[in-house]
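Trainee: Take a look at what TrEMBL says about it:
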type	residues	note
DOMAIN	A:2-102	domain 'FAD-binding FR-type'
BINDING	A:53, A:54, A:55, A:56, A:70, A:71, A:72, A:77, A:78	FAD binding site
BINDING	A:221, A:226, A:229, A:246	[2Fe-2S] cluster binding site
């Protein structure tokens with residue numbers, strides 16, 4: 001169920017250049033069912049910024065009623081969010097959307113998790129849950145450069161982890177697809193979150209495989225009412241059929257929607 | 001005693017608070033959050049004759065104390081709205097105001113005729129003011145004679161009262177209001193969004209794929225109040241006011257300007273529970289201001305003599 005709650009800031013850590021990890025505490029954590037869901041955050045009480053910001057959930061810690069988000073402080077709203085201190089409050093609406101179906105990977109299967117930039121965070125909770133279900137995980141994480149890399153060790157504790165950077169300053173120089181090809185990585189199910197060109201490349205390369213992709217889009221309400229984050233469906237790419245990224249997604253099976 | 005019930009053409013409302021069209025879909029999403037029967041009414045998303053996909057994304061952009069949207073009237077079309085959305089809404093036990101849109105007169109007439117026959121549609125909101133569609137729309141909302149004729153045509157076929165939604169993107173709003181009054185409108189809703197733009201600093205391009213969009217939210221409240229203040233003194237039609245309302249205080253301000261009911265739009269995105277919160281808070285505020293009923297607040301900003309009488313009594 002969707003709840004609105006004033007959550008308490010437990011910690012705020014800078015992980016990389018402009019990348020922050022925020023831990024919040026609140027009862028709505030117990031509503032979080034799937035990795036890949038997101039919350040809609042009201043950062044200040046006033047009009048600056050006015051709208052909520054959709055941010056993915058990086059880790060769910062139900063025993064402590066806490067959850068973590070990792071975000072990039074880029075626009076005015078997220079920069080203000082990065083200034084929050086322990087003890088401050090954040091107005092959270094959530095959990096929202098449908099996440100990654102972990103049951104698509106069975107015990108003993110191999111799941112490949114491919115993240116790009118600020119699309120990496122939701123894969124952490126996904127990886128944890130897959131591992132706890134006996135799934136072997138392989139991570140391929142793409143970043144701009146070494147200064148943007150985060151959570152490398154945490155992913156490495158869960159399974160094989162490869163890095164790709166655009167400038168070659170960490171891991172393999174190039175894109176995530178270069179890494180997958182270079183190391184001839186095999187898998188049963190692929191889960192991915194990141195920039196649309198990356199998702200498109202994966203969808204094209206693995207059209208014969210089971211692939212789930214998490215999309216990003218500017219949102220208004222976050223609950224499906226405003227029609228801001230709509231995309232065409234794969235079986236009716238030029239017609240009137242649509243899916244809403246916020247409430248039908250943000251995770252879709254590859255081919256379900258037009259990227 | 002109920003201090004909030006209002007009686008308008010076609011609308012016997014338990015309170016004058018309703019979500020604005022385009023900010024509430026067809027109610028399904030918000031019904032997961034609260035009981036919609038608490039609302040005075042619901043203004044459902046604009047319906048066109050044919051289905052519309054709307055504009056490419058990005059469709060929204062934030063601005064200071066407001067937002068721009070260019071959704072482009074996405075909706076499943078008349079048949080589906082009547083046979084699916086309105087049928088589903090029946091269980092919610094709340095009066096519906098159906099927003100009717102189109103790009104040519106025949107479309108408006110066809111939609112108005114059919115949708116007004118739905119049992120839970122108590123009134124129409126004639127959308128002659130959407131800034132985000134390329135054809136039609138805006139001409140109907142900016143040229144008085146065209147607006148008047150369209151109103152007349154829609155009135156001829158509608159089974160329920162017709163409220164015309166005025167665009168603020170005109171030089172003389174009173175002239176538009178008088179024109180649709182002459183056309184036979186039963187009421188006005190005002191205002192629709194103001195046309196605006198934001199530009200991305202990195203790309204140098206407008207943020208919205210449609211380039212321009214409609215500005216809504218608290219930023220436009222002073223414009224709406226001024227327009228309602230002017231129009232309510234010049235025409236005899238009841239006005240449903242909208243533009244940046246997010247609190248009970250805002251509601252009273254709109255009533256003072258001359259509105260007889262209000263719609264809440266953008267605030268639903270910021271706080272999805274805003275409508276029930278306003279409804280809960282209003283009776284207390286009305287009492288604090290010294291009124292027995294919210295209708296006493298209508299037009300107080302210009303009804304100077306009645307205000308004095310109120311204090312004498």
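Positions of Cβ are set from backbone N, Cα and C atoms, glycine also.
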Trainee: Hey, what's the Cβ neighbour count for residue A:221 ([2Fe-2S] cluster binding site) at 10 Å?
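Mentor: Looking across every protein chain shown, the total is 29.
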Trainee: Please name which of the binding-site residues listed here, A:53, A:55, A:70, A:78, is nearest in space to residue A:226 ([2Fe-2S] cluster binding site), Cα against Cα.
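Mentor: Among A:53, A:55, A:70, A:78, A:53.
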Trainee: CB neighbours of residue A:53 (FAD binding site) within 10 A?
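Mentor: Other Cβ atoms found within 10 Å: 20.
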Trainee: Given the binding-site residues A:53, A:55, A:70, A:72, A:78, find the one whose Cα is closest in space to the Cα of residue A:221 ([2Fe-2S] cluster binding site).
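Mentor: Closest candidate to residue A:221 ([2Fe-2S] cluster binding site), judged by Cα separation, is A:53.
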Trainee: Go through the binding-site residues A:55, A:70, A:78, A:246 for me and flag any whose C-beta is under 8 angstroms from a C-beta on chain B.
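Mentor: Among the binding-site residues A:55, A:70, A:78, A:246, not one has a Cβ sitting under 8 Å from a Cβ of chain B.
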Trainee: Using Cβ-Cβ distances, find the residues under 8 Å from residue A:246 ([2Fe-2S] cluster binding site) that belong to the same chain and are at least 6 apart in sequence, listing them in sequence order.
Mentor: A:54, A:96, A:97, A:217, A:219, A:221, A:222, A:223, A:224, A:229
Trainee: Do you know the mean pLDDT across the domain 'FAD-binding FR-type' (A:2-102)?
Mentor: 96
